[in-house]
């Protein structure tokens, strides 16, 4: 693979990762389709995906640094509150409660979960995750009991964590599962999305660092430029995607995202079957 070709592939996959990682559309489904079409598969590709995920995580840290510092008791002066946004009064206990179910289940069934990573299971997860988004929009309370992060209860945080377990099914979408769960628990669409992003930092960071440690032997000096391009691209695109997404969900429901998931599921079927 030529240097320019590999850098182009890195940029394309970085864009795909950045756009889809935190949207409820399944980054896994998109990555396996695009990776297959580009002919970029195997151990190096898996290591590359782990590295560019770190770029996406960094985007969340940059976007929510104030709230993240607040979790450990460090508070900074806040700008004037905008309508519909949370005040960021979240505690570390909320995050821990949101993490526990998926961490426990992930450790206990690690090998089983890894065995589910194939196109057919991803396709089914895309469909079921889309149905959950529709259910969340149809069944959510008319008036959210927790319009902002500061209104969330420990019980709601734990239940969102239980819904996050669905994301252990490859292709389901971690953000799709947690946001849907939050809405069904009476958290507003916006606050559920914010909590999903904050919850992603420790969850994804832990999983990504572990995967990177296991995949370190596949990383060579020759791959560094490609990995760097993918990392930076994923970071920049994820930053834009998160900002756009948070503005968009103030105006539209998640139904369009559900329909899009069905389209991606059909694409997986066409490409792999």
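Backbone N, Cα and C atoms are what each Cβ position is placed from, and that goes for glycine too.
What Swiss-Prot lists as transmembrane segment is 54-74, 90-110, 116-136, 156-178, 190-210, 222-242, 252-272.
Tertiary neighbourhood of the transmembrane segment (116-136): same-chain residues 24, 26, 28-29, 32, 166, 169-173, 176-177, 179-181, 183-184, 254-255, 257-259, 261-262, 264-265, 268-269, 271-273, selected by CB-CB distance under 8 Å and a gap of 6+ residues from either end.
Long-range contacts of the transmembrane segment (252-272) within its own chain (CB-CB distance under 8 A, at least 6 residues past either end) are made by residues 23-26, 29-30, 32-33, 36-37, 119-120, 122-124, 126-127, 129-131, 133-134, 136-137, 173, 176, 179-180, 189. Just going by CB pairs under 8 A, the stretch in 54-74, 90-110, 222-242 that sits most against the transmembrane segment (190-210) is 54-74. Long-range contacts of the transmembrane segment (90-110) within the same chain, counting only residues at least 6 positions beyond its ends with a Cβ under 8 Å from a Cβ of the stretch, are 67, 70-72, 149-150, 152, 154, 157-158, 160-162, 164-165, 167-168, 178, 195, 198-199, 202-203, 206-207. Long-range contacts of the transmembrane segment (54-74) within the same chain: residues 14, 17-18, 21-22, 88-92, 95, 149, 194, 197-198, 200-201, 204-205, 208, 212, 230-236, 238-239, 242-243, each at least 6 residues beyond the stretch ends and with a Cβ under 8 Å from a Cβ of the stretch.
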